[in-house]
Amino acid sequence: MEWRLWRQSWRTWLRLFVMAAVVVVITQEGCVCGGDVTYDGRSLIINGERRILFSGSIHYPRSTPEMWGSLIGKAKEGGVDVIQTYVFWNLHEPQPGQYNFSGRYDLVKFIKEIQAQGLYACLRIGPFIESEWTYGGFPFWLHDVPDIVYRSDNEPFKFYMQNFTTKIVNMMKSEGLYASQGGPIILSQIENEYQNIEAAFHEKGPPYVRWAAKMAVELQTGVPWVMCKQTDAPDPVINTCNGMRCGQTFGGPNSPNKPSLWTENWTSFYQVYGGEPYIRSAEDIAFHVALFIARNGSYVNYYMYHGGTNFGRTSSAYVITSYYDQAPLDEYGLLRQPKWGHLKALHAAIKSCSTTLLQGLPTNFSLGQLQEAYVFREETEGRCVAFLINNDERNNATVQFQNASHELMPKSISILPDCEKVIFNTATVNTNDTKRIIRTTEIFDSMDRWQGYSDVIPNYENTSLHSDTLLEHMNVTKDVSDYLWYTLRFQHNISCAEPKLVAESQGHATHAFVNNIYIGNAHGSHDTKQFIMQSPVVLSNEINNISLLGVMVGLPDSGAFLERRFSGLTRVEIQCSENEFYNFTNYAWGYQVGLFGEKLQIYREENIDMVEWSKANTSLNQPLTWYKTFFDAPIGNDPVALNLSSMGKGEAWINGQSIGRYWVSFLTSKGEPSQNNFRPCCENSLSANRMFHQ
């Protein structure tokens, strides 16, 4: 009775709130035919048809355009209906009003590839995205807007947020990419997990949520908008769930007229330097997807379906270059079995009975202490679908259902599309494990193949930016480099038998030079960013120069008041004993942004001879050294990886393109580096120059 009353209210609500869209049909073979996209309390409705949809996150800048077709094709083969992606503001608007949509940033090309392969798209504009992406996707120039407070009822922020959101929506409209125009985009997202921080903004939080929803809806995309993890998402915006177990944790839509959508089902977890990979089993993912569908869920997105690579300096603080390598498609775009195959079988099982799931009357009842059933019946058609669930994580269970006995494996769900025969069990994996095989094609172990260049260590007199105190790292570098030099000079008048240089930092790493001699380094971690470096030092009787290189390994990506974050050195002193020290925190400091080699862009072929290269030195303790070599690309179309296990910390370039940071010397608790390999950006080049600095 209650369910039928809800159905009546859906119709009333849809007339009031859901905007109708113009239906445009595309006749190209294999393309999605767009149309009217609405929803009710059961599911999204596309062209008048309720749909259960499986979606996979693939982020266009975390792979190359040459890979997009293959990745999307493999997702489709795996039973995915929708490709979901964020939109990356800092890539597209690096300076106010200056836009970049070329190469890996070609959002339109990516969406059109989705359409060409007959899939739908979900566009998560944000424009705050988090996503373990540097600065949460915000361009750093936003930091310098006067009086700005990010993600708050703040006029300067709302002005720029609306500008960018409107830019993206208008671009999609101009290309006819919304379903209302015949395109593949059936959903858009505004904001991202805002409720996690909303309370920090007090009275400025709720009005911002209402403004963001109203602003988005008024852009008239013709398709629904969502807000993830926002239980008070204003009508008609749909509140959705993120997490690993939304079938258990999601409180449901905030209106009976909205469907139950899962925008992030984490297939593993991001990995940080010094951290071990998180392995989530195919069985666990399948269990929670089936449970969500059994509890009236109708849209599940895998985050990530393909994680890819954080090229360049795009990863957030301490996040490694490889992103969600344990996803159904690994970093290289290869099938991760049995995860990919097991989920494919799950999708097929659910789709085989989706009509009854979407139209049948749902009931739920107990089959035992830790066992239960969810049943969907179509009274007029006589069809029936059942999910038999064993929540016991250790023991099998025998249950009686419809006069038949069923053996349920521990922590499993059996799907019976006719309420009689089991066609899928979440704990029964019929896909064989595969192992990624890496074959060595070339070894760069001969020092004769390498040339090196030692970067310049600046002293105070070489710097043009001066201050009488320690400046905040990000505000000085403006995110154009990971590196910031802090320099000072002083006359030696310290009577100290065994002086130590002490530098305290808020992250992420510091290298110290005294009178151009390297004396040591220290770093923090993802969980403990603050650290103190202490190194013995030999002081000259005359003028002493201290040069400290502050290093960021990605900007922060989340939390309230992101614009107020502090990073970099907070205290510098020469210490003689516990109670005797000479503090230089408030002193005459000189600053230089970046390394000299970065400024000259010596990683580009046209600039390679702007510095003097020499035969590489075999010494293991050579900080701030660039290395270069040349090689021919391996034959074939297989993904190419570079093994950097002999390196320390730095960044790597292929043909002038940065393929990301490496930090092999930062070991896990098991004594292993978090990551050794990269996938280069230029698969089919005949020759390439490779460079590293550390």
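The chain as shown is numbered from 1 upward.
Heads up, the Cβ atoms here are built off N, Cα and C, so glycines get one too.
TrEMBL does not curate its annotations; it predicts them automatically.
According to TrEMBL, the feature signal peptide maps to 1-34. Here TrEMBL flags 43-349 as domain 'Glycoside hydrolase 35 catalytic'. Taken from TrEMBL, the feature domain 'Beta-galactosidase beta-sandwich' applies to 372-429. Here TrEMBL flags 624-675 as domain 'Beta-galactosidase galactose-binding'.
Note on the domain 'Beta-galactosidase beta-sandwich' (372-429): DSSP counts are 0 helix, 32 strand, 26 coil. Taking DSSP states H, G and I as helix and E and B as strand, the domain 'Beta-galactosidase galactose-binding' (624-675) has 0 helix, 25 strand, 27 coil. For the domain 'Glycoside hydrolase 35 catalytic' (43-349), the model's average pLDDT works out to 98.
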